[in-house]
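Colleague: From Swiss-Prot, for reference:
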BINDING   Cys121, Cys125, Cys128  [4Fe-4S] cluster binding site
DOMAIN    107-330  domain 'Radical SAM core'
MOD_RES   Lys333  N6-(pyridoxal phosphate)lysine
Amino acid sequence: MRILPQEPVIREEQNWLTILKNAISDPKLLLKALNLPEDDFEQSIAARKLFSLRVPQPFIDKIEKGNPQDPLFLQVMCSDLEFVQAEGFSTDPLEEKNANAVPNILHKYRNRLLFMAKGGCAVNCRYCFRRHFPYDENPGNKKSWQLALDYIAAHSEIEEVIFSGGDPLMAKDHELAWLIKHLENIPHLQRLRIHTRLPVVIPQRITDEFCTLLAETRLQTVMVTHINHPNEIDQIFAHAMQKLNAVNVTLLNQSVLLKGVNDDAQILKILSDKLFQTGILPYYLHLLDKVQGASHFLISDIEAMQIYKTLQSLTSGYLVPKLAREIAGEPNKTLYAE
């Protein structure tokens with residue numbers, strides 16, 4: 001049964017930039033909003049100096065009040081465990097500095113590359129593998145974008161541009177229109193892929209102007225949402241996805257397997273069901289990238305495979321995402337089938 005988007009009733013008409021501006025950045029305010037005692041999080045609050053906190057109201061609305069183990073809360077609340085210096089964890093686990101060919105470009109793969117349109121995000125996820133990335137060396141402005149466009153134009157093997165970040169939808173619609181127009185003028189480009197978490201934390205970001213932009217481009221357009229738990233999907237998000245479906249955007253999702261958040265086959269099965277009900281196909285289930293500050297989210301490979309095999313037994317094959325790990329320097333992601 002499909003999730004039939006209802007007429008949104010909460011903040012749907014509110015400008016997404018206003019919601020973004022009002023995002024909570026003080027852990028104490030987040031705890032207060034969720035009816036959680038500040039005294040229980042004294043050490044965790046200190047971890048904000050390692051990686052700032054940022055959570056917009058639409059995402060906070062999905063978190064269960066009074067529950068310190070809520071899976072959405074655990075993804076965004078700073079933790080004293082981030083101070084742990086775990087073996088094998090680093091500030092650049094994918095060695096992306098080696099692929100930073102020119103500002104705003106990560107050229108890891110043969111026929112596609114990542115275009116770092118914007119460095120900021122609407123929400124700071126504590127497991128983010130780019131939490132230490134040098135965004136100041138990759139400014140999201142037209143001057144640096146032009147250097148990136150020149151690089152793409154000079155590499156005829158590039159068929160697909162992947163908007164990444166940060167979050168590329170932090171760019172305003174007129175900025176995205178400028179970028180897409182210039183990409184369309186590069187004849188060897190066929191596809192535009194947009195990786196984003198913004199629609200699930202601020203669904204209002206999917207504006208009519210943005211949808212029109214994607215409807216009119218000659219490039220085949222794919223959006224990959226970043227959703228880890230079924231509780232992140234609500235009717236307002238479903239409405240936003242309906243707008244994208246209406247303009248023939250291919251919708252996929254990737255998740256990260258996170259201890260305490262979604263390390264359960266039944267939860268992943270429900271996630272796949274809800275994604276499909278909103279017109280999104282499960283794409284990747286990533287093993288954690290070993291970024292410094294996120295070791296408390298790590299699940300062993302053995303446990304991950306057990307969860308994955310159980311998931312395969314619970315649902316249809318097309319609803320099972322590919323279990324994958326990105327290994328620095330490899331020409332593609334490494335898949336784990338059995």
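Quick reminder: no glycine exception, Cβ is built from N, Cα and C everywhere.
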Colleague: Could you tell me the C-alpha distance between Cys121 ([4Fe-4S] cluster binding site) and the residue listed as 'N6-(pyridoxal phosphate)lysine' in angstrom, no decimals?
Modeller: 24
Colleague: For Cys128 ([4Fe-4S] cluster binding site), which DSSP three-state class applies?
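Modeller: DSSP assigns Cys128 ([4Fe-4S] cluster binding site) to coil.
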Colleague: Using the CB centroid of Cys121, Cys125, Cys128 as the [4Fe-4S] cluster site centre, which other residues of the same chain sit with their CB within 8 A?
Modeller: Val123, Asn124, Arg126, Tyr127, Arg130, Arg131, Arg197
Colleague: Given a separation of at least six residues and a C-beta threshold under 8 Å, show me what packs close to Lys333 (N6-(pyridoxal phosphate)lysine) in the same chain.
Modeller: Tyr284, Lys322, Ala324, Arg325, Glu326, Ile327
Colleague: Below 8 Å Cβ to Cβ and six or more residues apart, same chain only. Which residues does that give for Cys128 ([4Fe-4S] cluster binding site)?
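Modeller: The answer is Phe51, Cys121, Val291, Ala294.
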